[in-house]
């Protein structure tokens, strides 16, 4: 395969994977990213235009009889980078999609597949679900969702890269191995589907993994640490640019 083409595809994949896959689109603009997020939470596009509606949403948070009772708005506001009003809007959309107050993995996969109808996002959504499910109980609560979204949208570069590393580190042992990276890359290629037209060779994911490790495995010990990952990403203009696209999309 042409070396320049591999490098170009690698850059696209790094942008997509380093930000949870939300960024990959034909036109990676703040508007297109916002549209994707609103598609995930359709009711979040509705404005809480009056105090009565705002109070209604707040009452839902405090008095809900759903299976999972979310934390108080004030606590979530302190733990995230969203305002109280933004949390009210996001909760309305979340509860509309997930009346029980939590999202299981199958529902998460169904929702996420809307982002990538041209491919198969099932495996990548599994990895992404595990990144949001921080307490590993098999469900993503509103709190889990908000904390992850807060990092992706408004976190510092360091926070976003830590989140991305955790996504790659499948077994959570503090290292990214070639096997883990290959699993992630295969999932991303499947997810992107027609976006990789013309169709790439079967060994393309493995080639991307080799490129990734040549760039990031500084001491050549066969694994990538969090420090190596962050240092390499901070020197990559494409990845840094993709991080900025997330700012203020809500």
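The first residue you see is number 1, and the count goes up from there.
Backbone N, Cα and C define each Cβ position, glycine as well.
Per Swiss-Prot, region 'KIS' is recorded for 2-44, and the stated evidence type is experimental evidence.
Marked as domain 'EF-hand 1' by Swiss-Prot on the basis of a curator's inference: 61-117.
DSSP assigns residue 137 (Ca(2+) 1 binding site) to coil, not to a helix or a strand. Sequence-distant neighbours of residue 137 (Ca(2+) 1 binding site): no residue of the same chain at least 6 apart has a C-beta under 8 Å from its C-beta. Residues annotated as Ca(2+) 1 binding site in Swiss-Prot, with sequence analysis given as evidence: 133, 135, 137, 144.
The domain 'EF-hand 3' annotation in Swiss-Prot covers 156-191. Helix first, then strand, then coil: DSSP counts for the domain 'EF-hand 3' (156-191) stand at 26 helix, 2 strand, 8 coil.
For 169, 171, 173, 175, 180, the entry in Swiss-Prot reads Ca(2+) 2 binding site. For residue 173 (Ca(2+) 2 binding site), applying a Cβ distance below 8 Å and a minimum sequence separation of six or more within one chain yields no residues.
Using DSSP to sort the residues of the domain 'EF-hand 4' (204-239) gives these counts of helix, strand and coil: 25 helix, 2 strand, 9 coil. The domain 'EF-hand 4' annotation in Swiss-Prot covers 204-239, and the record cites sequence analysis as its basis.
Other C-beta atoms found within 10 angstroms of the C-beta of residue 221 (Ca(2+) 3 binding site) number 10, with every protein chain shown included. If you look up Swiss-Prot, you'll see 217, 219, 221, 228 marked as Ca(2+) 3 binding site.
The region 'Interaction with KCND2' annotation in Swiss-Prot covers 237-250 and rests on similarity to another entry.
The binding-site residues shown are 135, 144, 171, 175, 180; of these, the one with its CA atom nearest the CA of residue 217 (Ca(2+) 3 binding site) is 175. The Cα atom of residue 228 (Ca(2+) 3 binding site) lies nearest to that of 175, taking the binding-site residues 135, 144, 169, 171, 175 as the candidates. Here the Cα atom of residue 133 (Ca(2+) 1 binding site) is found 30 Å from that of residue 221 (Ca(2+) 3 binding site).
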